[in-house]
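Asks: Handing you a structure now.
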Amino acid sequence: MQAGPVQAVPPPPPVATESKQPIEEEASSKEDPTPSKPVVGIIYPPPEVRNIVDKTASFVARNGPEFEARIRQNEINNPKFNFLNPNDPYHAYYRHKVSEFKEGKAQEPSAAIPKVMQQQQQATQQQLPQKVQAQVIQETIVPKEPPPEFEFIADPPSISAFDLDVVKLTAQFVARNGRQFLTQLMQKEQRNYQFDFLRPQHSLFNYFTKLVEQYTKILIPPKGLFSKLKKEAENPREVLDQVCYRVEWAKFQERERKKEEEEKEKERVAYAQIDWHDFVVVETVDFQPNEQGNFPPPTTPEELGARILIQERYEKFGESEEVEMEVESDEEDQEKAEETPSQLDQDTQVQDMDEGSDDEEEGQKVPPPPETPMPPPLPPTPDQVIVRKDYDPKASKPLPPAPAPDEYLVSPITGEKIPASKMQEHMRIGLLDPRWLEQRDRSIREKQSDDEVYAPGLDIESSLKQLAERRTDIFGVEETAIGKKIGEEEIQKPEEKVTWDGHSGSMARTQQAAQANITLQEQIEAIHKAKGLVPEDDTKEKIGPSKPNEIPQQPPPPSSATNIPSSAPPITSVPRPPAMPPPVRTTVVSAVPVMPRPPMASVVRLPPGSVIAPMPPIIHAPRINVVPMPPAAPPIMAPRPPPMIVPTAFVPAPPVAPVPAPAPMPPVHPPPPMEDEPPSKKLKTEDSLMPEEEFLRRNKGPVSIKVQVPNMQDKTEWKLNGQGLVFTLPLTDQVSVIKVKIHEATGMPAGKQKLQYEGIFIKDSNSLAYYNMASGAVIHLALKERGGRKK
């Protein structure tokens, strides 16, 4: 055998071992997410960030871009997920890994790491998607109701241990002995401050009540409590479910709280980003004085307030209220349209005209198409139910009444539109002001002056008639002075006689009134008569009663001389012709003209302040107890009483021509009136009255009294029309009773009444017998003036 060169068997090439190593590397490369060869142009993130990027890319590749958007929304504030932003430097690496995972090239990383670390890493890798999925599931499951509260947990308040023991011990006894024990304890310890927690207004009362409930459940447990405890002891899973639900509820509450805080934070940031001082002037509009623009008309404060109320009503009630307001405005427009033709005829009332115009308009208009039926009305509320006893269900139902056009009534005081339901209250409030009559008259006058064009037909007719009466030069045949009617100059008003009431307070006023009514010619005639230069007219200057002209005059009866008292001095009587009445000499006070006086019953000199009641003239026999004077007696100057004409004496003398230069004579006072005068001719005073007791003895029984009421047209609230009121009263009644009856008959308050009987102002506190009132007595009623002197 030929031996050849011995060649040694070469050792196994290292490739075998090397080939083994790449296999391990390939196996390990399946776990290593990093590529075998780095890609040029991509920035690789650090290892801690690369792990998050790779895991996110794997989930995005499997779940789609919706999962990426969800992660971006949930982790918007997490800086570790900034690689999701396109501007981030690691975003290119993230996109590269997503494409690799979609193509199946990329694998999970597994570098030379201990096995324990690899297991932990795998656990964390598997834990992340589970967390994300758990979050997605938890967002869908929301706890509906809160878990039941803990029954045996009550946080003790911050009080001392002794007080806490007192509260707990009291709660135990109350739970054991019942509420009756609590009531007795409260009554017994109501003054003990340590038991103040038993009062409901105390701060520890709620804690005490909670303890009582807990002790009661322990001492007297409910029915299902034992079965529940037994079930939970046998099945701990149920307790865990309750705990899990409570935890989920706590997490849900926390998420809601965080969400609210985030919304508030976003809103705060948004407000903080606004620059409130940064603005841009886009355009400046200047309006010239003569420029005309399409602007709304100016509004008054009243219209502005009405618009604000309408807006508030619309915001509060919505569109329904606006519809009602539009309906009301349409009704008002119809009323305005109806009032325009109604002005042509003023003889009818406004309501009749409105009704007539409505009928005419309805007759002219085409009947509208049938509308949809109205929905049934709501059931009446209890306060609107009206029970009718005479209701007959079988009777024919009346036609539905037409809608009342007078829902709003015009107030006669203010002229405003007032609802009919509130008119009574409006009138009551409006009439509280006593000046509403003046305001109403003033407004009517102003309205008439403004609306003269629309005067009614009767006013125009009366105005033309008055114009024709006073312009006879145009409308008449007989011409008079312009502005005067035919026969107006002949008709003269009767002179109003000025009468002094006897009070010093009215002296100046009466004097002025007397001077205003006397002309210059009358003053000259009075001076001539006083000087005796002109024969006196006996028919005018005569004082006292006189007989009518058609009755033949008779001589005085001889029996009248017997009435002279024996104590009086002898008086010589001078016979006089019966046809000539005695003239009167009057005293004229300086600066006061002589006025013709009405005939008076008697002449008596009275002190100032007395009152002379005018009496009608009564025909009787001539007097003989008068002191004669020469016919040419000069005027006698008397001391200055009130500035009126004062008759001094009767001068019975035959008519003889007066002597121009008579000798002065001393003043002669008239004698007192005789007792034979009738009682109506004598002026009474309280001193001359008969005592009340004596008058009651002489007169018994009730008397009939007549009260003469004045005619005062300006006092419309009182019935003062000049009528006479007759009352029958006993003599013992006071004057105040008469005033009460006058108030009942006329409405005049007793405080405004002033009663006068035979020249005496009677007082309320005195009786009728005090003033000697007999049957047929006449009492004059007057108005008590305010602010004047007490009368």
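Every residue, even glycine, has its Cβ placed from backbone N, Cα and C.
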Asks: Which of the listed positions, LYS55, LYS115, LYS739, does Swiss-Prot note as N6-acetyllysine?
Replies: LYS55
Asks: To which of the residue ranges 424-454, 486-516 does Swiss-Prot assign the term region 'Disordered'?
Replies: 486-516
Asks: Looking at the recorded positions listed here (LEU169, SER411, LYS422, SER449, LYS497), whose Cα lies nearest to that of SER506 (phosphoserine)?
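Replies: Closest recorded candidate to SER506 (phosphoserine) by Cα: LYS497.
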Asks: If you count the C-beta atoms lying within 10 Å of each candidate's C-beta, which of the modified residues SER411, SER449, SER506 ends up with the smallest number?
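Replies: Ranked by other Cβ atoms within 10 Å, the modified residues SER411, SER449, SER506 bottom out at SER449.
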Asks: Out of LEU169, SER411, LYS422, SER449, point to the one nearest LYS497 (SUMO2 cross-link) in space (Cα versus Cα); all of them are recorded positions in the record.
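Replies: Checking each of LEU169, SER411, LYS422, SER449 against LYS497 (SUMO2 cross-link), the shortest Cα distance is to SER449.
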Asks: Across the whole of the repeat 'SURP motif 2' (166-208), what does the mean pLDDT come to? Round it, please.
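Replies: In the predicted model, the repeat 'SURP motif 2' (166-208) has a mean pLDDT of 89.
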Asks: By CA-CA distance, flag whichever of LEU169, SER411, LYS422 among the recorded positions is nearest to SER449 (phosphoserine).
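Replies: Smallest Cα separation from SER449 (phosphoserine) among LEU169, SER411, LYS422: SER411.
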Asks: What kind of secondary structure is LYS422 (SUMO2 cross-link) part of, going by DSSP in three states?
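Replies: In the DSSP reduction, LYS422 (SUMO2 cross-link) maps to helix.
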